[in-house]
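J.: Sharing a structure here in structure tokens format.
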Amino acid sequence: GCDGSVLLDTVNNGSKAEKDAIPNRSLKGFDVIDDIKNAIEKVCPNVVSCADILALAARDAVSAPFKRRLWNVALGRRDGRISLASETNGNIPSPFADFTSLLQTFNNKTLDVNDLVVLSGAHTIGVAHCGTFSRRLYNFTGKGDADPTLDPTYADFLRKQCPNLANPKTIVEMDPGSSRSFDKHYYHILRQNKGLFISDAALLTNKELESIVIRLQRSRGLFFAAFARSMRKMAAIDVLTGKDGEIRRNCRVVNL
């Protein structure tokens, strides 16, 4: 998304765009980005890229409740002209990933173990569909059992929300009781074995990662500062600048 490619719509050429890849089908807010782009183009045409708008919108969405900017956003990105659903494989961390797979994905993007734990803290906001975690509830090891690392009471609650073969429209909070607040509560529930995804539970399977989880949970302001640093690092990955890419007039389609 650092070149705004996730905003492009699929065109009739047989190749699905990134937004139509399975991991991205739950993404929302494209209309909000359209509104922002349209407003900017009226006063400052062909200057601000859709990629920069995404980076700013991410920062402002997290910062709004605090009434201050939690981090500065470097600008000057240009928009890519290619968007392929096939390229999401291996580039987006899977909710089913174990520690080794997660770390490899992050390392491939020049992010380290600290970034892995800190950016996972973004799961303090939002919801998930049953299919992304139901494996932990039913037949986890092929014996009709649940994931033994998942808190049993929480597993019972999730089974009630997501009966087997549940309606795919059913959603569950990723951070129970705090899914609308950007805070460090995620690390509290994680240590209670209530992390929703296999990838959440994976953060407790490695001593170094677990120590970072504990440190983020116990410190009052560490998470916010660490999240700001990691977001700045992530926002600089594979950025297009200068003569590369373009400034899209419409974030959904490349310029003609």
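From the backbone N, Cα and C atoms, a Cβ is placed for every residue, glycine too.
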J.: Where TrEMBL annotates a disulfide for Cys251, which of Cys50, Cys130, Cys162 is the other cysteine?
T.: Cys50
J.: For Thr124 (Ca(2+) 2 binding site) and Cys251 (disulfide bond), determine the Cα separation and express it in whole Å.
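T.: Distance (Cα to Cα, whole Å): 28 Å.
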J.: Rounded to an integer, what is the Cα-Cα distance in Å between Cys162 (disulfide bond) and Glu18 (Ca(2+) 1 binding site)?
T.: 28
J.: Please report the Cα separation of Cys251 (disulfide bond) and Asp175 (Ca(2+) 2 binding site) in Å, rounded to an integer.
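T.: Per the Cα atoms, Cys251 (disulfide bond) and Asp175 (Ca(2+) 2 binding site) stand 31 Å apart.
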J.: To what whole number does the mean pLDDT across the domain 'Plant heme peroxidase family profile' (1-255) round?
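T.: Across the residues of the domain 'Plant heme peroxidase family profile' (1-255) the model's pLDDT averages 93 on the 0 to 100 scale.
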J.: Hey, what's the Cβ neighbour count for Asp3 (Ca(2+) 1 binding site) at 10 Å?
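T.: The answer is 26 other Cβ atoms.
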J.: Could you check which of these binding-site residues, Ser5, Asp175, Asp183, sit within 10 Å of Cys50 (disulfide bond), going Cα to Cα?
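T.: So the list is Ser5.
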